[in-house]
Amino acid sequence: TYSHLFSLPLYLQVILIFVYVLMKESVEIAPVPYTLQVHRVALDGRDPSNPLRREKKQMHCQLGQYLHPRKTHCCMRCHAGTYKAKDCDHPDQATVCLPCADGTFTAVDNTISKCLQCTKCRTELQQIIETPCTPQQDTVCGCQKNQYQVDSESEFFQCRNCSSCANGIIASCSKNKDAICRCKPQFFLSRNNICKPCNSCTGEECLHCHSPVTASPTSSGLNGNLILGILVAIFGVLSVLCIAHKIGKLVQKNRIASSFYSC
């Protein structure tokens, strides 16, 4: 065969050699896709040649349950007033829950391994205990009667006495707000909720003071004299009418007497 090959023209020899090389390379490359498939199995753990094998789905627990730390099954949560002492070993086995000790609590269903410490009301801030701590509820702190809370959203809120408004109240004292006092004219409400005279105000506090309405001495004097003159005139007219009435009666009486004696 090789003798016949070399007997061919040179250009045909080159073409045949090129075709032979291409066919040989295609035969050697054929196993490569399987090699890649095996490599992919090593990377993601799945065998594409096995269509029956499926990925393991993530477990979802029902309400009131939690996923076991090994992610193999679900366990029941512990109720309020208890804590989780041990996970359940099997789905049909109950979680080991123990009651909270004195001074501790859990307010909701939980999976914590230790109960929470009860809040202590701070007497230095004048706090009092409104509701004592129970295994299912934390302590509720508050203030005494006629007091209100400052910074009530914080655990460290302070209790202060409600303002005693001597001139009336605009808004009563509430749990989180002091009373708003009413002030007399020419007085302003200071920042500490105390009525002070307007002549002692400074800065922005003066905006609450209104300028006093004063009349000039001349105008007030004229108004007083006018009123007094009117009263005197009325009294004089009444006096004249009274005297005239008495004189008329006296004249009429004398006429009657003189006519009687003339007869």
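The backbone N, Cα and C atoms fix where each Cβ goes, and this holds for glycine too.
Where the annotation comes from TrEMBL, it is an automatic prediction and has not been curated.
Listed features, source TrEMBL:
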- Cys100-Cys115: disulfide bond (DISULFID)
- 99-141: domain 'TNFR-Cys' (DOMAIN)
- 142-181: domain 'TNFR-Cys' (DOMAIN)
- 99-141: repeat 'TNFR-Cys' (REPEAT)
- 142-181: repeat 'TNFR-Cys' (REPEAT)
- 1-29: signal peptide (SIGNAL)
- 226-245: transmembrane segment (TRANSMEM)
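The 10 Å shell around the Cβ of Cys115 (disulfide bond) contains 19 further Cβ atoms across the protein chains shown. Residues within less than 8 Å, Cβ to Cβ, of Cys100 (disulfide bond) and separated from it by at least 6 positions along the same chain comprise Gly81, Thr82, Tyr83, Thr106, Cys115, Pro135. For the repeat 'TNFR-Cys' (142-181), residue counts in helix, strand and coil come to 0 helix, 14 strand, 26 coil, using DSSP.
As a whole-number mean, the pLDDT of the domain 'TNFR-Cys' (99-141) in this prediction is 97. Per-class residue totals from DSSP over the domain 'TNFR-Cys' (99-141), listed helix then strand then coil: 3 helix, 14 strand, 26 coil.
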